[in-house]
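Per Swiss-Prot, these features apply:
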TRANSMEM  9-29  transmembrane segment
TRANSMEM  36-56  transmembrane segment
TRANSMEM  82-102  transmembrane segment
TRANSMEM  108-128  transmembrane segment
TRANSMEM  133-153  transmembrane segment
TRANSMEM  163-183  transmembrane segment
TRANSMEM  207-227  transmembrane segment
TRANSMEM  229-249  transmembrane segment
TRANSMEM  264-284  transmembrane segment
Amino acid sequence: MKVKRYINITKPGIIMGNLISVAGGFLLASRGEVDGLLMLMTVLGLSLVVASGCVLNNCIDTDIDAKMQRTRNRATVTGDVSIARALQFGLALAVLGFGLLIRYTNSIAVGFAVLGYAVYVGVYSLYMKRKSVYGTLVGSLSGAVPPVVGYCAASGQFDAGAAILLLMFSLWQMPHSYAIAIFRFDDYAKANIPVLPVAKGIAKTKLHIVLYIAVFAIVSALLPLSGYTGLTFMAVACVTSLWWLFMALRGYRKNIELVVWARQVFGFSILTITALSIGMAFDFQALPPSLLVMLS
């Protein structure tokens, strides 16, 4: 079905992951007083923006995708959806998504949505992904935007809680993406994409994965330590982050099956961020920590 082709180029898995994180950020900032309509429009609007970014990314990456085993059957590569049609579809999604955010949220939330979109489409997809080993680092910023948009839509401000979310989700993106780059090493090498394993080697990538997870674990603890979440979130953050770190350290064992290990690190990264997104949605503190407001 032609409709399915268009749905697939929006990358539904990415949309679902971002939907969970934006809802988590919104509920954390709402502190039990949830505006249902605002939440619905925020989640829907940002989901459309993310879908638009994914479609435009498919259009930009057609030449790269054609070289990779994982992506060579995408509709924009095979011609099942023309680039012109995909561009029209992607831009229409952007208009709808940003329209909803502008209509129902606030300038801070919209500003972060614009920032994430511009970084992902304009900076990461068009240039950094192809040219720099730091492409993953730049792309991590756009991946960290959804929970911040949700948080700012509900709170109307960018405070310490939003800053922690931005840092936490940016840090999470790095080992998550590096794990993918390891078990998809051949694809990235064939397409000449300078991800860290291809450009600097597996050993350096393993070290970066461990270091980023360690810092992520510390930053995740800042939400409960700063009074934004409670002990339940702290327990979930500690258990998931430390187990993820343990899994990463297993990569240094002798005779480790590299691809299997990388897939395990990747898989648990999704479990970790999903658990934390759900945790912060329900284990919020009813009274905001007023001393931590940075910008209001």
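One-based numbering along the chain as shown.
Placement of Cβ uses the backbone N, Cα and C atoms for every residue, glycine included.
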So which residues does the transmembrane segment (36-56) touch in its own chain, when a touch means Cβ under 8 Å and the partner is 6 or more beyond its ends?
9-11, 14-15, 18-19, 22-23, 26-27, 30, 86-87, 89-94, 96-101, 103-105, 109, 113, 116-117, 120-121, 125, 142, 146, 149-150, 153-154
Range from 9-29, 82-102, 133-153, 264-284 with the greatest count of C-beta pairs under 8 A to the transmembrane segment (207-227):
264-284
How about the transmembrane segment (108-128) with the transmembrane segment (264-284) - do they touch, taking at least 3 C-beta pairs under 8 Å (6 or more apart in sequence) as contact?
no
